[in-house]
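One structure is given here, and the rest of the page talks about it.
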Amino acid sequence: MKRNTQEKCGRSNTKEQYSRHTPCSSRYPAGIIQIRCGHEMGRWSGLMVLLCLPFVAPQRAPGHHTATATTTAFITNVYINDKVEQALQQIQDVASGNMGALCVTSSFQPLTAAPLDPRRFDSTRQKADLVATLLQDVGVAHHNGLVDAIGKGLLLSEQRLLTSRVLALNSSSGQVLSRIVWRRNAPGLLEPHRVTDDDELRVGERPDASTPWFEDVHFSPTLHSPKFIPSPPDAAYKGWWTFPYYSCQLRRWIISYSVVILPSAKHETKGFLSMDVDVSSLEINQCEKETDSRINDHLSSNQIRVFHRTHKCHSSTQCIYRPPSGPALSGWIRGGYICRCRQGYYSATHHDFNGSLVEAAWQEKLRNLSTVYEDVLKCRHCAPGCITCSGPSPCLASYNWPFRITLLCISVSCVLFTLGLIVYMYQHRRIKVFKVASPIFLAITLLGCAIMYLEMAAIFPVLDLYSCIVTKWCRHLGFCITYTALLMKTWRVSLTYRVKSAHKVKLTDKQLLQWMFPILLVMLIYLSTWTISAPPYAQQIKDGGGLLFKQCLFNWWDHSLAIGEVLFLAWGIRVCYNVRNAESLYNEARLITFAIYNIAVVNIAMVAFHLFLFPHAGPDIKYLLGFIRTQLSTSVTVALVFGPKVLRVLRGQGDQWDNRARARGVTASFSLNGIGLVPDEAPDLYQENEELKEEIQKLAGQIEFMKIVQMEVNNRHLKPKQGSYFSSANTSIVLQSPVCRPSGSLIIGKSATTKDEDTDERV
């Protein structure tokens, strides 16, 4: 097979002008170029040796073979691209009329590097195959009237046909016995004319072998010639399609279909049928393929796909195809596009560049004649962050990094101070000022404050998806932990302060933790669902100057959570209002109330600042507002709740009871952890119980006595006896309530002389 291919290539070297200017490699697909280029060295000898080298070299290791195959594929692509560039140059010469001596030396200019897909002309081919079969049966040299009518009918059947030829050839010599040629000068004209004088076809002579549509059947019975395009592997054609070529006589781009009419048993004369199809309406699109599926279909498209991606636009520009503006203009032109700046690039001189100028500048660049291509015909990068721009002006807002670093350092210091305060409180947890305030809730409060401080670290860099997620978690989870811990302590005071029963209500830390856990669980579930289903990403917004910067997206997840937090704050404010007059150890309930009020006011005020006062603030202003909100809500809370306690410990008064609370009789019921004024020494419970019993019995006797007195005094139904305790003969009697002061004495009589005696008798 290789030898036969080489013989065909070698034989093509002996032919006329067409074969001399058509390298063998351009007649076959790229996959078999290396096999079929054995003898066609000529002007491409050095390159062909490299292409054929992998097929004659000895077998090597797999690694060497892969490297050699890759190199061969690269060289093959370079060779094919060079052929396409030659075809584009030829098209440019034809379009500009710069033919020179081309049409003088040859009437046809084939484009062997630009094969068309013949399946777009299947209707024409089928008609030609049918006519060839008919002429084979009736004979080419006979029935001239029928052959003449068939030739004319072919042209009339399709408007894009320009010429139809039917030749009768001598089987041995290949000379023309008869010819019938019908032609029309332009497609669409209904009346073709018969050609009587044709220099290419003369009776008694062999046809000109330089014509692109003819191949001598004596040398190639099947017309397997480099003039023709290989047929598709999934189709069986009776004839062959030529490469597109330019006809200097008709001044049209043409593709021809040729069929050999073999002699039958009745007729020994060979025949040859050829039809020329006008392809001048096709277009040279050097840009990338269109994304539209209808345009992407190479069968229905009006573009030659081999020229796709052959534009010379700079990488900073994109190629935009410009189709012909009218049907009279041919699409066979080079540089029929414009180079427009890509998104993110700009040109200070032109909005776009003409493709013809770009092609010329590219050629000058290859020849090192000028630097116009690199200096003028390319676009420059926009400023960072600009999607589109018209100049070098910035699009992104600048960040004052020293200012942001300063605020971040302060926030990190607050985090470290808060964590250190947790350790300090744990070390002094047995001191009364911490012990009566529930150390576990104090630690939870400090932990929530530390998490809220970390929000400043999350929004410090240029925001992205992950920093926005961390921001939402730090802000809302820290608020929930801190606020819930403070509210639980206040809620305990509220319950004990409002109780109306004689029984003491005592709520332990464990019970409050059980109430606190569901609140935190709801927040964790909400934040987790938010992160998994619709994580907040960073969107670009504009500041007052129109500069872009990134801010975390606010959507209905934020709004729903904000509504819930506002309701939570409202409930906390109501609880604080209920305990406004309650007394507690070290005045802690009031300080926590102030902290809750402060959190509510600061958060609502900062939201108003963001929405109304600074709606178009830049990134640094927003960072400053976040810092102020964190400090006013978190640092003030730490100062109110923990400042007095730490100050008492530093003064050495941590184990001393609050004198004001002791004077006002603050009991265990009003302590924030249920611990009241505990004496320094443990009391004797038995002795205390005995004393309480005696006191109760004494009070019961006094109450019974008062009942009797109230029943007999001034009771007209009871007549007192003479000389009795309640008789009128007695002088005034002064009765004193056992539970009242002397000023509350009741005067029964007016006699003062028997006061002491009556008193002794009562006792």
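Think of each number as a place in line: the chain as shown, counted from 1.
Placed from the backbone N, Cα and C atoms, the Cβ positions cover glycine too.
Ranges compared are 36-54, 131-149, 473-491, and TrEMBL records transmembrane segment for 473-491. Of the candidate ranges 66-93, 150-177, 346-373, 682-709, TrEMBL annotates residues 682-709 with the feature coiled coil.
Of the recorded ranges 401-426, 473-491, 553-573, the transmembrane segment (433-453) has the largest number of C-beta contacts under 8 angstroms with 473-491.
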